[in-house]
C-alpha cells in the first residue's frame, strides 16, 4: 500500500506495520505505530494543556518537536536567528505524497526557514526511513545549535532501551535499561561512533528472541551521535536520535540547507530475532555498496601478528605461501610497509613504500601473491599523522589544533584536518596513486584515536568540524571507489569504533573489535548481530595465549567462532605446527562450503552464554542451514544438550550432518523436539549442517 492520506491523517504501510501521524497547523502529532488499523478509525481529540506549566506542546506526542513556545521537553531542533531570536514557530506549509515517499514542509510564521520532514516506505523490506532537511530561504543567517533527525513518541510507560556499552577491546556489552522519568542518553563525542555506545535504539517492554513488541531504529551516521530516551509525566515515552549537539553548530547562509542523517526504523511483534533479520536483509540489499553486496567474502590472511612493524618483502612472501597452503584467498599486509614506519612513533602520513623493506616496491610481493592464486590487500590510516613524519614536518598546520594550545597525541599521532581541501586532495592523491600503481584488491582503513583540540581554523563554522570531517572522509572513499570499483574497503577504528550504518554506505565490512579472544568474541558478535549482518563482520582466528586475555582456547573453537562472520586468519602461521595447519586447512575448507549460508542467510540466536551453558547460533538460507554450538565450560558430567532449531520448513525432510554422522529428520521434528548435540570438555564446539532433500 505504501502511503495513504485520509483527511488530516497520513498512513505509512509496510508488509507488517502501519505508522500514522496527523497534520495540524502548528502541530504535527504522532498518532500510532503498530499493526495495521483502518485509517478511517482514527479520531484524535484536540489536545488540552494540563496547566500553565504543562502546555499542549509538552503534553502532545509530536512527530518533530522544536525549541519554541512552551516546550520544555527534549526537542529535535534549536536555532538562533540573526537578530538574536532563539525561538521557532513552525506551521504547515505543504504536504507532498509520491508513491512510497512523503514530504511534510513546515515554515516559520515570521522567519525565512523551512523544515522538511521526509518519510520513505520500504514496503517489501518491512522498514521505514525518516530524515530532515533544514533550509534557509531568506537573506539573513540562521545558526543551527541542535538538529536531530528523528523523534518517536510511544504511548505508555515502562519501556526498556537496549544498546551496548564498553571500551576498546571490550566492545559490545549488551545492556537493557529502563526508561523512566529521567533521560537515558547514548552518545559519542569522539569524532567517530566510538566503542562506548552504538547509534541504534531497541525499545521494548518484555521482548524475547521470538516474541514481544519491539520498536527499533538505527542512524545512518558515523560521527558524533546522540540518542535520548525519556518517559514523560503525561503517559508517553520518547526516543530522539541524530547528530550530537555537543560542541556543534552550523550556520546557514542564504540558499543553504542542512540535510540530516537518515534513521531506518521499524516495529515487530515477533521479538528481537525478527528485528535483526529485517535489519540484516535491509543493510545488505539497500545500504551496502552494490558492487560487493552480493559477493561472497574471501578468506583473509593478515600478517600483523606475525611481523608487527618488521615488514620485509621476502618474509611476507613466505607468509603468503603458508597462507595459501591452508586455503586463504586474500593476503593483507598491515602496518609497517610505508615511510619510516618501524614503530607507532613515526611514518604515519608518508604513504610511499619503504625502500629498505621493499627495494623494488610492492610489485614483487603482489606478483608472488597473485601467482599463488590470492588477491592482495593493504592497511592504511589516512586520517592520521605522526609528528615524526615528512608530512607533519612539511605541513604542521594540517592537523586539528588551537593556536594557543599544545596538541595532545594519542598512540603518538595527531588527527589531520580533513576539512582542509589541501588535506583532502593529498589523501585522495596518495591513495589513488597506491591503487593505480599496484594490483590491490582490499584496503583496511583504520582510525586509531579520537579527536582532541578539534580546531579547524579554516572553517567559518568552527563547531561544524565534527560533521564536516566525516563528510570529507566518506567523499574521499566514494571517489576512490568510483575510480577503483573492484577494491574492497574495510572500516576499522581501533577495532569497532566505526561500526554503524553511515560507514556501511562506503565500506564493505567492519573490523568489529581488536579483541580476538574467541570466548569474548561470542558475546561481542552476539551484540553486533542485533543490527548488523554477518557478511559485514570480519572475524579472525589468532594465536593463543590471546594477547589481551592470556586465555588459551582450542583452535577448533577459535575457528568456529570466526566462521560466524567473514573468516580471517591473523595468527603467526610461521609458528603453527603441522597439526594446527591441518586443522586450519580442514576448517577453512569447511567454511568455504557453508559461508554462503552464513553471509547471506537469516540468523537465529538459539541460546546465549549470557544466560545458558551453551551458545548456539543458526543461519538459514533457502534449503540449507548451519548451526554453531559452543560449550565454554563443562559442568559436572553434562555433555549432551538438546537444541531446537528455527526457520526450517516443517514438512521437509532434512539431512543432518554433525561430527561425521548423517541422519534424516523432518523440519517439524528438528524445530519442535530438537536435535541432540554432544559437547565434551571446556571450549568444546561443533558445526551442524542441514539440507532438505
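Cβ atoms here come from the backbone N, Cα and C positions, even for glycine.
The domain 'Glycosyl hydrolase family 36 N-terminal' annotation in TrEMBL covers 27-253. Marked as substrate binding site by TrEMBL: 168, 334, 335, 411, 444, 445, 446, 447, 448, 492, 514. Feature annotation from TrEMBL assigns active site, nucleophile to 446. According to TrEMBL, the feature active site, proton donor maps to 514. Look at TrEMBL and you will find 616-690 tagged as domain 'Glycosyl hydrolase family 36 C-terminal'.
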Cβ atoms near residue 514 (substrate binding site) (within 10 Å, other residues, all chains): 19
Binding residues 168, 334, 335, 411, 444, 445, 446, 447, 448, 492, 514 (substrate) - maximum C-alpha distance in whole Å: 19
The domain 'Glycosyl hydrolase family 36 C-terminal' (616-690), counted residue by residue under DSSP: helix, strand, coil: 6 helix, 41 strand, 28 coil
